[in-house]
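Annotated features, as they stand in TrEMBL:
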{"type": "COMPBIAS", "residues": "44-59", "note": "compositional bias 'Acidic residues'"}
{"type": "COMPBIAS", "residues": "69-79", "note": "compositional bias 'Acidic residues'"}
{"type": "COMPBIAS", "residues": "80-105", "note": "compositional bias 'Basic and acidic residues'"}
{"type": "REGION", "residues": "1-119", "note": "region 'Disordered'"}
{"type": "REPEAT", "residues": "156-197", "note": "repeat 'WD'"}
{"type": "REPEAT", "residues": "217-258", "note": "repeat 'WD'"}
{"type": "REPEAT", "residues": "259-300", "note": "repeat 'WD'"}
{"type": "REPEAT", "residues": "359-381", "note": "repeat 'WD'"}
Amino acid sequence: MKSKNEKKRGSSAPKGGPKGKKFSMKNDPFFETESKKRRKMAYGDDDIESGGSEEEEEILGGSDAGGGEQDEDEIEETPGEIRKRVATELLDKMRAIARREKEDKDGDGEMDGEEARDSLVAKILQQEQLEESGRIRRAIASRIKKPETADGFKVLVKHRQSVTSVALSDDDLKGFSASKDGTILQWDVESGKTESYQWPSEDILKSHGAKDPRGRSKKHSKSVLALAVSSDGRYVASGGLDRHVHLWDVRTREHLQAFSGHQKPVSCLSFRQGTTDLFSGSFDRTIKYWNMEDHAYIDTICGHESEVLTLDCLRKERVLTVGRDRCMMLFKVLDQSRLVFRPPPTSLECCCFINNDEFLSGSDDGSIQLWNVLRKKPVYVVKNAHAMLPAGQSVEQIGSENIPDNGLENGDHKIEGYNCSSTYSWVSSISVCRGTDLVASGAGNGCVRLWTVETGKKDIRPLYDIPLVGFVNSLAFAKSGQFLVAGVGQEPRLGRWGSLPAARNGVAIQPLELL
């Protein structure tokens, strides 16, 4: 036993080695094999590096090799380089505009150099930034030319059932519309040429994240109630009776993802300006916050005690909502706080931002309210904005007077002259031309009305009435203010409590000329 233990101790190569004999790693087979493996790997690396040598590039041809490197550089352009390139192109464009304006002012005078052009460029960029942020507005309402045609809107796109939502891309070239029959159409604003979005099969929907339908139905309902387009024009989001938010690719018109989470139909959608963040409102009384780029859920916002009907948002992480609980709420997402606005005894149907501090709403008694973030009640009320009048009468604003909450309301409120209790006089949609003082509202009384908002005087003044038969369920202004798009139907957007058989289901467009 003693000799065996000595043999084991001798073979284990103790620390320092046996006396009179030096220990070397080179003689150990374990380290020998490891070094061979490393030599093979090193040889392989050398072999790979030699494939891209300068000699072989000369044999293959210098032009081809250089072209390949150039393609790789273009493909591997970093986000910082992209931003720098876009900024440089924008500056060059602005400098060209500034140069033309300078030449128009003094044609034969010598230019002072780059300083004058750069100062003019800075003014243009600052003006655009202020308009985008909503700090200043372009006064274009007073320059709108009265439409001369008595026919009013021109039908651009047809749907089989009532149109529930319309949206425009930021470049004003493409439009999108959805209807109760489940069709989502993409159309060209100038030509009216349409392209349809095809719903995938049930199996594909489930693979994209859709949950099984509830109740007796075995298939997902295709009825669409809301539509929204991202600022970069890459994504379209839709929501409807199937309780899901669906994401579509604008370029290929293919279904990308189905987001579950809402327990009841999705009634409204809105992208945050300049981002791919999406807000969705539902009949389950919640608002959900999503990121479409990462296909991710962010947060759930609660506060309403009844169904959420409409929402809107600008660049800030704030969302404005109205619900059937007869109140409007402004949620500050980052602060996790909210402001509650309560109108006179009426139910609000729609809302939209004017800027970060002011907004509008429309109600089911035919009135339009102007709000300020500093007040819990409307600062100005337009009564009978879309009243059903007897034949031969027209709505005229006859003075204004103070009301108990120190706001303002106007109009002649004689019961025998107006009928605002009807479904056809409900203000079902309202829209603001972003960065301007121009507003449009729609109902089922046979016209779309244009308004001008004078926030300094806290006033809303009517401009023109444009004839349009049907329930105006959605409105969208072009960013340039050159035209107005309306989604029309024979029925209201969220129900069937009214019907206008003479109406045509589709999208109508009205050009707006500036003086």
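Just so it is clear, glycine is given a Cβ too, placed from its N, Cα and C backbone atoms.
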Overall pLDDT for the repeat 'WD' (359-381), taken as the rounded mean: 92
Composition by DSSP (helix, strand, coil) of residues within the repeat 'WD' (156-197): 0 helix, 24 strand, 18 coil
The repeat 'WD' (359-381) - residue tally per DSSP class, helix then strand then coil: 0 helix, 12 strand, 11 coil
